Amino acid sequence: MNEAAKTLDGWYCLHDFRTINWPAWKTLSSEERQQIVNEFVTMLEKWDVTEKAGNGSHAVYSVVGQKADIMFMLLRPTMEELNEIENAFNKTRFAEFTIPTYSYVSVVELSNYMAGDSDEDPYQNPHVRSRLYPELPKANHICFYPMDKRRDGDDNWYMLPMDSRREMMRSHGMIGRSYAGKVKQVITGSVGFDDWEWGVTLFADDILQFKKLVYEMRFDEVSARFGEFGSFYVGNILTEENLPSFFHI
Ligand code: 76R
């Protein structure tokens with residue numbers, strides 16, 4: 001059998017996409033809308049407490065385009081916690097005004113393509129830990145898409161020897177690194193969990209950097225030959241400050 005990549009696995013991850021039923025939202029009185037927003041904000045404050053305690057992280061964005069209106073990215077130590085959050089959200093009054101459009105279940109993943117040989121336990125390494133259990137940046141923009149590596153005739157990623165895969169991943173990593181400080185990426189693995197093999201989540205203050213990075217990678221062998229991509233979602237951050245105007249009628 002071919003040598004499988006070894007992975008380090010961190011927090012479990014749920015991406016949850018909803019459209020908002022604005023016509024129904026508009027029929028409410030402003031007092032009712034305010035109560036519903038308050039309940040939603042209370043839930044977000046709970047998430048903040050968890051994040052501050054280092055037990056998870058989250059991101060809330062307004063999605064551009066018709067695929068969704070709002071998205072949550074949630075990271076937690078267990079799948080049970082993600083499920084609890086999802087159920088708790090679905091029981092809020094705000095959820096009555098949302099329609100689920102897409103979701104993605106995965107786990108933060110680091111692979112060993114770039115790792116050196118070392119006897120230390122990577123789970124004890126602070127740099128590794130900060131990537132397995134990341135605090136999601138409060139960047140202006142998010143970009144999410146799921147992807148696979150092709151398994152088709154001669155272009156079968158999973159049949160390539162480890163050395164060839166490592167070489168291609170090195171080139172991939174070098175392009176990625178040239179975006180350091182401009183784009184932060186979180187790769188989550190979803191083999192056995194969802195319909196694609198990975199979720200790619202990118203964060204940037206300058207949204208154009210998503211296009212530049214993804215475009216540059218398309219010309220790099222691992223993406224050019226082996227990358228297969230699902231739908232792309234882009235969004236703008238929702239903060240305590242701009243949430244009221246997002247909900248305002
Ligand atoms: O973890 C590391 O930093 C080591 C190098 C590295 C690995 C192993 C790395 C770096 N990535 C790795 C793995 Mn990546 N990445 C993507 C996409 O749109 C496309 O063409 C592909 C989508 C982007 C934009 C991106 C960005 N990466 C992976 C894997 C798992 C592969 C496997 O196991 O077979 C996937 C699916 C994937 C996809 N990558 C980086 C980036 C960026 C910005 C970096 C640099 C990170 C840094 O140095 O901080």
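Cβ coordinates come from backbone N, Cα and C, glycine included.
Now, the feature entries from TrEMBL:
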BINDING   Arg131, Tyr145, Pro146, Met147, Asp148, Lys149, His172, Gln185, Ser223  Fe-coproporphyrin III binding site
ACT_SITE  Tyr145  active site
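Projection of TrEMBL feature records onto the structure.
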{"residue": "Arg131", "record": "Fe-coproporphyrin III binding site", "Cβ within 10 Å": "16"}
{"residue": "Tyr145", "record": "active site", "Cβ within 10 Å": "19"}
{"residue": "Pro146", "record": "Fe-coproporphyrin III binding site", "Cβ within 10 Å": "23"}
{"residue": "Asp148", "record": "Fe-coproporphyrin III binding site", "Cβ within 10 Å": "17"}
{"residue": "His172", "record": "Fe-coproporphyrin III binding site", "Cβ within 10 Å": "18"}
{"residue": "Ser223", "record": "Fe-coproporphyrin III binding site", "Cβ within 10 Å": "21"}
Recorded positions close to ligand 1 - of Arg131, Tyr145, Pro146, Asp148, only those whose C-beta is under 6 Å away: none
In sequence order, the binding-site residues (Arg131, His172, Ser223) whose C-alpha falls within 10 A of Tyr145 (active site): none
